[in-house]
Amino acid sequence: GFYFRSIQGFYFKRIQGNICSEPKKVGRCRRSFPRFYFDSETGKCTPFIYGGCGGNGNNFETLHACRAICRA
């Protein structure tokens, strides 16, 4: 996954900022995986359907993971 920890928190903050600011990408495949992404306009984790390939890091399997990483 994309959840990294460090004692200083430096790497976590850099990755968190990059992932959470990425746009929602459903991907180019046609599968249907329920996922969550952080919507930077609303400040909330929002459900979407992921196609299975070609997405980005703003793609979480659970609402809990999205909230934990993006602090929503």
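Note that Cβ sites are derived from N, Cα and C of the backbone, with glycine treated the same way.
As the structure is a computational prediction, the values presented were derived from the model and not from experiment.
Per Swiss-Prot, these features apply:
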- C20-C70: disulfide bond (DISULFID)
- C29-C53: disulfide bond (DISULFID)
- C45-C66: disulfide bond (DISULFID)
- 20-70: domain 'BPTI/Kunitz inhibitor' (DOMAIN)
- 1-9: signal peptide (SIGNAL)
- E61: site 'Important for the stabilization when complexed with trypsin' (SITE)
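In this structure, the disulfide-bonded residues C20, C29, C45, C53, C70 were compared by how many other Cβ atoms lie within 10 Å of their Cβ, and the smallest count belongs to C53.
Its Cβ placed at the centre, E61 (site 'Important for the stabilization when complexed with trypsin') has 13 other Cβ atoms within 10 Å.
Residue counts of the domain 'BPTI/Kunitz inhibitor' (20-70) by helix, strand and coil are 9 helix, 15 strand, 27 coil (DSSP-based). When Cα-Cα distances from C66 (disulfide bond) are compared across the disulfide-bonded residues C20, C29, C53, the shortest belongs to C20.
Mean model confidence for the domain 'BPTI/Kunitz inhibitor' (20-70) is a pLDDT of 96. Put simply, C45 is the one of the recorded positions C29, C45, C53, E61 whose Cα lies nearest to the Cα of C70 (disulfide bond). Closest to C53 (disulfide bond) by Cα-Cα distance, out of the recorded positions C20, C45, E61, is E61. Every protein chain considered, the tally of other Cβ atoms within 10 Å of the Cβ of C66 (disulfide bond) stands at 25.
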